[in-house]
Amino acid sequence: MDWAEKYRPMHLADILGNGSAVRQIVDWAKTWTPDSRPLLFTGKPGIGKTSAALALARDMDWEVLELNASDARTKTIIERVAGNSSTTTSLFGAGRKLIIIDEVDNLEGNADRGGARAIADILKEAKQPIVLIANDAYGVSDSIRRLCDPVPFRAIGVSTLQKRMKEICRFEDIACGEDALSAIAESSAGDMRTAVNMLFGSSTGKTSISVGDINTAQKDERATIFDLVGGVFAGAPDRELQKLSFECDEKPDSVMQWIEESIPLMHDPKRRIRAYGRISRADVYLGRTMRRQYFTLWRYATSMMTLGVASENAGAGFRTRIMPPSRWKRMSTAKKQKTVRRTLAASLAEGYSIPERQIQSEYLDLLSRFAEKDPAAFCERHNLDVDQMGIILHDKAAAAAAVKTVQQAAKERDMKVKKMAASKKAEMRKLEEQLEALRMQEPPVPETPPAAEEQPLEEPQEEKKLAPKQATLDFF
């Protein structure tokens, strides 16, 4: 059996190195209501995010519905599987189900078409606890991230990893020195799963482990874009930059945009100008790669944008933290606005029986005037959200106020229904108590003595009529 699975934490108390995250999860679970916000676990792979979610379900005795990257996550499938589960009760009664949606930062491509929008809709309507998991917080859609409470997971410390490896060696009856354990802990870079797998790979067929055995099981650590961009502006050695660019999963055009975004943060204006020249040359190589389909040029483009910009900055660093390309945010905003307008037109077209295209081209201004008279009523009638009302009213604050009014009214109605139900329940309980009291006040019914055994009645003896004796004459 795989040791990573064999020694997976079974309870939240077993999660190592992330005490603050565990406390936040426990507080959320104990006070959870249908109005509670979902949790978003973020952090690098192998530090216990999925294990914490499963342990939470086990500790709270909740059922689990898990949707991860191996599943098809189109809009239709997500709504059919997770959507139905988020609004229904447990299979075994009124218990809760924990819905775990893993790798929400990888919702892209044809396989996940419409998935982010479907998940956002589910988060708004869910009546069950939901946990979302992502390796990269920046990769999560804004429409999802703003609906969740973040729970950051940190890399596990070396001493904590070393202590856990020692426990596993004791359970498996394997001799392992402190130097070997230290090598595993340092090589795993805070990743518990990798550390356990390294220990398993090094101990296969052995009863003791040395440092030499550990060297054959080093972690295949993938560099992040933050490692690469940070190395470029921190003046990392050329060989290290080449290694980071090789290990980074980002494509060269994406890396170029990340580096370009950080160039304005350089201290020296003259160095900034020369750095832009390096980026321009890298862009030329990328263009030739696409036109000629000669992907060998990628290496020259990558070297120009990393080594070239690093040489111009000369390790001077920059003034703030690394940020994703701002153009991505603008593109995302434009795409979001387009999607909101389309969904708004669909809602209005259904309400007024007018084609969506005609709604967008001819009737939005007219409907805006209608909405301005009573925004809350318009919002409630067409079941619109804040973004859709913002397009109608051209005022985000007014849109938020209208939606808040509708939500408050709905909440008051729900509270009223709950109070009426509670009142009826109390009345029924009171009536039952009164009936029970009346039963106690009724005089006891006297017990009837047991009936004596009936004796069979003797039939009256009729007087025997004696027949007259015949006189016997004795003539003789």
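Indices start at 1 and increase along the chain as displayed.
Note that Cβ sites are derived from N, Cα and C of the backbone, with glycine treated the same way.
As recorded in Swiss-Prot:
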BINDING   Gly43, Lys44, Pro45, Gly46, Ile47, Gly48, Lys49, Thr50  ATP binding site
REGION    435-476  region 'Disordered'
What three-state class does DSSP give Pro45 (ATP binding site)?
coil
Output field, ATP shell: CB within 8 Å of site CB centroid, site Gly43, Lys44, Pro45, Gly46, Ile47, Gly48, Lys49, Thr50 dropped
Asn135, Phe153, Asp191, Met192, Arg193
Non-local Cβ contacts of Gly46 (ATP binding site) (under 8 Å, 6 or more apart, same chain)?
Ser188, Asp191, Met192, Arg193, Thr194
If you run the three-state DSSP split on Thr50 (ATP binding site), which class comes out?
helix
Just counting, how many other CB atoms are there within 10 A of the CB of Thr50 (ATP binding site)?
20
Near Gly43 (ATP binding site), how many other Cβ atoms are within 10 Å of its Cβ?
21
Least Cβ-packed of the binding-site residues Pro45, Gly48 (other Cβ atoms within 10 Å) is Pro45
For Lys44 (ATP binding site), list the number of other Cβ atoms lying within 10 Å of its Cβ atom.
17
